Amino acid sequence: MFLNRGKSKKNLGAIALAGMVISSMIGGGIFSLPQNMAASAGAGAIILAWLLTGIGMFFIANTFKILSLVRPDLTTGIYMYSREGFGPYVGFTIGWGYWLCQIFGNVGYAVMTMDALNYFFPPYFKGGNTIPAIIGGSILIWVFNFIVLKGIRQASFINIIGTVCKLVPLIVFIIITAFAFKLAIFKTDFWGDAVTKTQPALGSVTSQLKSTMLVTLWAFIGIEGAVVMSARAKSPSAVGKATLLGFVGCLTVYILLSILPFGSLFQYQLAGIPNPSTAGVLGMLVGRWGEILMNVGLLIAILSSWLSWTIIVAEIPYTAATNGTFPEIFAIENAQHSPKLSLYITSALMQITMLFVYFSTNAWNTMLSITGVMVLPAYLASAAFLFQFSKNKKYPNKGPVKSYIAKYTGFFAVIYSLWLIYAGGLNYLLMSVILLALGIPFYIDAGKKSKREKTFFAKKEVTKIIIIALLALLAIFLFSTEKIRL
C-alpha cells in the first residue's frame, strides 16, 4: 500500500475503454426502452427524439474526444477539465458531485439487481428492498469492491466479457423484431394522432418529443467513462476512439430497440407491456424462452454496468487526491495499482446507503433523480472548458483538431448541456446544490493541507464557495417553506 502521486499504470487500450463506455451507458434501463418510448409517443416522434438527442450527444462525445487529444496532460477529464478551466473549487465541486451521483447510482444497481432476481425467485427480492434483497445487494457491493482491488486491468477484462454477454440478448431481440417487422403495422398511426374509442391521440409531435426526450436524455449518462479512466489509458487517442465508438454503438442499439417493435406491435400494445418490456415483446413474438432470455440479459446488464461504475466511481476522488484537491487518504493505492482507500470508502458509503433503502423506497427514488441531475454540470464544465481553450493562444493549431472545430463543438455542447440541466428540473437542481455544499468542509480541509493553500483560498475561490453556500441556504428555505417541492 502506498501513496500515489499521479503515475497510474497505463494498460487500458481502446477496446477496454470502449467496453467501459458501453457498459456504463447500457444498464438495466435499456431492457425497458420499448415501453418507455412508446408510452407517450408514436414511431415518428421517437425517431425525431433520437435524432435530436444523437446530435446533441455527438457534440458532448466529440468534446471529450477533442480534449483527450489536445490536452492529454489532463487525465480523468471530468474532474481535471473543470479544475483547469475554472479553478480548484469548481474542480472539487464537479468531482464531489460526480462521486456522490455514482455512489447513489451504484446502490440503484444493487436495488435493480435484486428486483431482477425476483423474476426467478419470487417473492423474496420484490422491489429490491426486502431483507433478502438488502443482504444480497450488500454482498455484491463488496464482491465488486474486491474484484476491482485485484486490479483495474483484470476488472476491465471481466467487464468486456460482461458487455459482450449483455449485448447478445439485445442483438437477438433486434434480429427477431427485424424478422417480425411489417411495414403496414409500422406505418399505422406513425405520428400518434389517431383517435379510437379506447385510445385518445398522443398529442402534438412537439408534446410527444418533449416527453420522449426525457427518456433519451438519460440514455447517454456514462459516455464519459473512457475520459474518467484516461489516466490508465495506453494513449490519448485510445480515449477518443473509445468515446466515439461507445457513442455510435449505443445510439444504434437504442434506435433499433425503440423502433423495430413498432413493426410487429401497435403503439398502445407496446405502451401497455410491463417492464422489462423487451421480455414482454419477445414473449409475444416467440414465447416463454424469449422472455427468459431478456430477463437473464437484464441481470447481466445490471451487473456489468455496476462493475463499470465501481471502477469509475473510485477513480474521481483518487485522481483529485493525487493533486491535493481531495483529502490525501484517497490517493492510497495497493500493489495492483487500484485506488485502495478510495474503493473502501466508496463501498462503505454505498453500504450505508443500501441500509437506508430498506426503510424508504420513495425517498430513495427521489434521491436517484437528484443525483442524476448532479452529473450534468460535469458535462457543462467540460464543454465550457473546450470552448474557452479553443480561443486560447496555447491551443495547438497544428494539432489533430483545428481550433474553429473545437470552438463550435464546445459551443453546441454547452447549449445542449444547459438543455439537459433545464430538462432535469429546477427542484432537483436546487436539491443537488445542497448536496454539493456538503463538500465545502472537505475542500477546506484539503486546501489547508495542500502546498498550494493560497490558490485554494484565493478571493475568487472563496467567492465561489460563498455563492454555493448561499444557494444551498436558499434551497433549504424554499423546500422548508414548501415554495418548491420534489
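Cβ atoms here come from the backbone N, Cα and C positions, even for glycine.
Summarising the annotation, Swiss-Prot assigns transmembrane segment to 12-32 (among others) and lists sequence analysis as the type of evidence. Residues 109, 112, 116, 152-153, 156-157, 159-160, 162-163, 166-167, 170, 218-223, 225-226, 229, 232-234, 237-239, 241-243, 245-247, 249-250, 253-254, 257, 275-279, 294, 297-298, 301-302, 304-305, 307-309, 311-312 of the same chain lie 6 or more positions beyond the ends of the transmembrane segment (12-32) yet place their CB under 8 Å from a CB of it.
Annotated transmembrane segment per Swiss-Prot: 41-61 (among others), in sequence order.
Residues annotated as transmembrane segment in Swiss-Prot, with sequence analysis given as evidence: 85-105 (among others).
Listed as Cβ neighbours of the transmembrane segment (129-149) (distance under 8 Å, sequence separation of 6 or more from its ends, same chain) are residues 106-107, 110-111, 113-115, 117, 155, 158, 303, 306-307, 310-311, 314, 334, 336, 338, 340, 343-344, 347, 350-351, 354-355, 357-358, 361, 364. Look at Swiss-Prot and you will find 129-149 (among others) tagged as transmembrane segment.
The feature transmembrane segment is assigned by Swiss-Prot to 160-180 (among others), with sequence analysis given as support. Beyond its flanks by at least six residues, the transmembrane segment (160-180) meets 15-16, 19, 22-23, 26, 30, 253, 256-257, 260-261, 263-264, 278, 281-282, 285-286, 290, 293-294, 296-297, 300-301, 303-304, 307 of its own chain at Cβ-Cβ distances under 8 Å.
Distant neighbours of the transmembrane segment (211-231): 6, 8, 10, 12, 17-18, 20-21, 23-25, 27, 29-30, 33, 36-37, 39-41, 45-46, 49-50, 52-53, 57, 60-61, 64, 67-68, 72, 75-78, 152, 238-239, 242-243, 246-247, 250, 254, 305, 308-309, 311-312, 315-316, 319, 372, 375, 378-379, 382, 420, 423-424; these residues of the same chain sit at least 6 beyond its ends, with a Cβ under 8 Å from one of its Cβ atoms. The transmembrane segment annotation in Swiss-Prot covers 211-231 (among others) and rests on sequence analysis.
Long-range contacts of the transmembrane segment (242-262) within its own chain (CB-CB distance under 8 A, at least 6 residues past either end) are made by residues 14-15, 17-18, 20-22, 25-26, 30, 33-34, 37-38, 43, 46-47, 50, 54, 57-58, 61-62, 64-65, 68, 167, 170, 173-174, 177-178, 181, 185-186, 216, 219-220, 223-227, 270, 278, 281. Taken from Swiss-Prot, the feature transmembrane segment covers 242-262 (among others), and the record attributes it to sequence analysis.
Annotated transmembrane segment per Swiss-Prot: 296-316 (among others), in sequence order, evidence recorded as sequence analysis. Long-range Cβ contacts of the transmembrane segment (296-316) within its own chain (Cβ-Cβ under 8 Å, at least 6 residues beyond either end) map to 20, 23-24, 26-28, 30-31, 76, 78-79, 95, 98-99, 102-103, 105-106, 109-110, 112-113, 116-117, 140, 144-145, 147-148, 152, 155-156, 158-159, 162-163, 165-166, 168-170, 222, 225, 228-229, 231, 276, 278-279, 338-339, 342-343, 346.
The transmembrane segment annotation in Swiss-Prot covers 341-361 (among others) and rests on sequence analysis.
Sequence annotations record features per position, and here Swiss-Prot assigns transmembrane segment to 367-387 (among others) based on sequence analysis. Sequence-distant contacts of the transmembrane segment (367-387), counting only residues of its own chain at least 6 positions beyond either end whose CB sits under 8 Å from a CB of the stretch, comprise 59-60, 63-64, 66-67, 77-78, 81-82, 84-86, 90, 93-94, 97-98, 100-102, 104-105, 108, 218, 221, 224, 227, 406-407, 409-411, 413-414, 416-418, 420-421, 424-425, 428-429, 431-432, 435-436, 486.
Per Swiss-Prot, the feature transmembrane segment maps to 418-438 (among others).
Long-range neighbours of the transmembrane segment (461-481) within the same chain, counting only residues 6 or more positions beyond its ends whose Cβ lies under 8 Å from a Cβ of the stretch, are 87-90, 93, 430-431, 433-434, 436-437, 440, 443, 455. Summarising the annotation, Swiss-Prot assigns transmembrane segment to 461-481 (among others).
Contact between the transmembrane segment (341-361) and the transmembrane segment (418-438) is absent: fewer than three CB pairs lie under 8 Å, with pairs separated by 6 or more positions in sequence. Within the chain carrying the transmembrane segment (85-105), a Cβ under 8 angstroms from the stretch's Cβ atoms is held by residues 78-79, 309, 312-313, 316-317, 319-320, 325-326, 346, 349-350, 353, 367-368, 371-372, 374-375, 377-378, 381, 384-385, 388-389, 432, 435-436, 439, 442-443, 446-447, 452, 455-456, 458, 460-461, 464-465, 468, all 6 or more beyond its ends.
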